[in-house]
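*Asks:* My questions all concern the structure below.
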Amino acid sequence: PRVCVVGSGPAGFYTAQHILKHHGGAQVDIYEKLPVPFGLVRFGVAPDHPEVKNVINTFTQTARSERCAYYGNVTVGRDITVPELQQAYHAVVLSYGAEDNRVLGIPGENLSGVYSARAFVGWYNGLPENRDLKPDLSCETALILGHGNVALDIARILLSPLQLLRKTDITDSSLAALACSKVKRVWLVGRRGPLQVAFTIKELREMINLPGARAVLDPADFTGLENTVKDAPRPRKRLTELMIKTALEKPVEKPVKVQATAGQAAAPREWGLKFQRSPQEVLPTPDGRRARGIRMALTRLEGSGDSARAIPTGDVEELECGLVLSSIGYRSLPLDPAVPFDTQRGVIPNSSGRVEGVPGLYCSGWVKRGPTGVIITTMNDSFDTAQSVLEDLQGGVLDMSPSREGFGAVESILRSRGVRPVSFSDWEKIDAAEVARGKAAGKPREKIVDPAEMLRLIGH
């Protein structure tokens with residue numbers, strides 16, 4: 001059987017890995033729109049979390065298997081359609097993730113100084129489409145809307161000492177911009193309360209222990225929570241206890257002597273969590289061009305636990321900030337008119353990864369279940385889809401009688417459209433160049449951010 005996977009992030013690679021492992025004869029081709037593989041492992045994981053990127057080693061082993069091939073620089077839905085892939089393969093799995101972000105839908109959202117978390121993360125991680133973002137970091141206060149791990153990642157990158165970031169694979173240009181940044185205070189704002197935050201304890205602890213930055217949590221936000229959280233699941237209980245402990249700790253006073261000598265430079269950077277506030281409007285500067293602050297509706301919670309809803313109370317509050325980052329979630333987009341898509345939920349309708357009403361078509365990862373969870377969640381989800389493909393291959397659900405040509409058929413279509421795919425060994429040349437450039441700068445790698453430069457490097 002010839003199987004093709006669209007998307008080379010964790011969902012695509014884990015799906016391919018599982019099929020290759022459990023079917024001794026399957027041939028899997030992976031298509032990716034960028035020249036370079038690995039999706040959000042390369043472009044989403046924070047530069048100062050290199051251990052999370054170790055899964056790349058497993059993915060590389062999969063790509064080097066003789067029954068697997070990688071074709072980068074091919075945009076499915078434009079360079080080749082899904083029906084054309086279905087003609088060439090016995091099964092097609094869509095694992096292309098979530099390439100858009102949810103919008104706030106409030107006035108002022110398009111002012112200068114307002115960015116999506118997705119674009120900001122893409123900028124410091126070298127995602128080609130965000131390489132020219134040039135975020136304005138000339139203000140003292142930044143506000144991040146959202147209480148997830150991505151929001152904490154951004155806060156950490158904004159407040160980290162430069163010497164920590166210099167040793168990571170953060171891009172050269174974003175490092176230069178952060179070196180000139182005036183941001184010294186970051187607020188993370190959420191519509192709901194401390195019991196509904198979506199970040200995990202590891203990320204919170206890292207933020208609390210960040211050198212040169214002080215946590216500002218209001219003890220009043222946590223009144224009575226110790227009792228409420230007694231019977232909560234252990235991860236939620238530990239997370240809440242850590243927030244309470246941090247809120248109640250007295251800040252360590254620095255000796256006056258030191259402060260006087262160091263002048264204003266000693267003023268620590270700080271960050272804090274604000275709860276039960278929902279953004280209403282980004283407020284413009286007098287010339288109407290830039291963000292100068294944000295108006296928020298104060299909310300009260302109805303219900304409890306994860307299902308609690310934030311209801312505006314009628315009171316509002318304004319907060320000054322020159323940088324607004326919206327971290328309220330990613331969103332999948334439809335890829336091809338031939339593929340059913342639920343625009344409401346931003347997913348392809350499916351059961352166990354089988355696309356509804358289209359035999360032989362499957363999906364895995366965020367486009368299957370929505371943009372939530374970490375790499376391990378995606379792994380399990382992709383194994384589940386791969387299992388569906390294997391069952392359908394073994395149970396005779398898929399029509400195996402016609403010999404499908406796989407890439408042979410696709411290659412001639414691509415050639416006729418002037419598209420030249422990038423192979424995995426091409427990627428390894430780009431990889432080697434990045435590592436060499438990084439070595440010269442004392443970093444694990446210096447990412448190439450321009451696809452044209454990547455293609456020149458491999459002689460395309």
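Cβ atoms are placed via backbone N, Cα and C, with glycine included.
When I checked TrEMBL for this same protein, it listed these features:
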- 2-158: domain 'FAD/NAD(P)-binding' (DOMAIN)
- Ala11, Glu32, Leu40, Val76, Trp366, Gly373, Val374, Ile375: FAD binding site (BINDING)
- His147, Gly148, Asn149, Val150, Arg191, Arg192, Glu203, Gly373: NADP(+) binding site (BINDING)
*Asks:* When you measure from the Cβ of Leu40 (FAD binding site), which residues in the chain that are at least 6 apart have a Cβ under 8 Å away?
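*Replies:* Correct list: Gly9, Pro10, Gly97.
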*Asks:* Quick one: give me the count of other CB atoms within 10 A of the CB of Glu203 (NADP(+) binding site).
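*Replies:* A 10 Å sphere around the Cβ of Glu203 (NADP(+) binding site) contains 20 other Cβ atoms.
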*Asks:* Among all protein chains shown, how many Cβ atoms are found within 10 Å of the Cβ of Trp366 (FAD binding site), not counting that one?
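*Replies:* For Trp366 (FAD binding site), the 10 Å Cβ neighbour count is 29.
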*Asks:* Do me a favour and check the Cα-Cα span between Gly373 (FAD binding site) and Asn149 (NADP(+) binding site); whole Å is fine.
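*Replies:* Roughly 10 Å, rounded to the nearest whole number.
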*Asks:* Determine the Cβ neighbour count for Gly148 (NADP(+) binding site): the number of other Cβ atoms within 10 Å of its Cβ.
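*Replies:* By my count, 20.
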*Asks:* State which of the following binding-site residues has the fewest other Cβ atoms within 10 Å around its Cβ: His147, Arg191, Arg192.
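*Replies:* Counting other Cβ atoms within 10 Å of each of the binding-site residues His147, Arg191, Arg192, the minimum falls on Arg192.
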*Asks:* Of all the binding-site residues given, Ala11, Ile375, which residue's CB has the most CB neighbours within 10 A?
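*Replies:* The largest 10 Å Cβ neighbour count belongs to Ala11.
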*Asks:* Widest Cα span across the NADP(+) binders His147, Gly148, Asn149, Val150, Arg191, Arg192, Glu203, Gly373, in Å?
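*Replies:* Value for the max Cα separation, rounded to a whole number: 20 Å.
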*Asks:* Across the domain 'FAD/NAD(P)-binding' (2-158), what does the pLDDT come to on average, as a whole number?
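*Replies:* PLDDT averaged over the stretch: 97.
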*Asks:* State, in Å as a whole number, the widest CA to CA span among the FAD-binding residues Ala11, Glu32, Leu40, Val76, Trp366, Gly373, Val374, Ile375 given in the record.
*Replies:* 25
*Asks:* Here the binding-site residues are Val76, Val374; which one has the lowest number of other Cβ atoms no more than 10 Å from its Cβ?
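*Replies:* Each of the binding-site residues Val76, Val374 was scored; lowest Cβ tally within 10 Å is Val374.
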*Asks:* Taking the Cβ of Asn149 (NADP(+) binding site) as reference, which residues of that chain separated by at least 6 in sequence fall under 8 Å from it?
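*Replies:* Listed in sequence order, they are Ala198, Phe199, Thr200, Glu203, Val374.
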*Asks:* By CA-CA distance, flag whichever of Ala11, Glu32, Ile375 among the binding-site residues is nearest to His147 (NADP(+) binding site).
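*Replies:* It is Ile375, whose Cα lies nearest.
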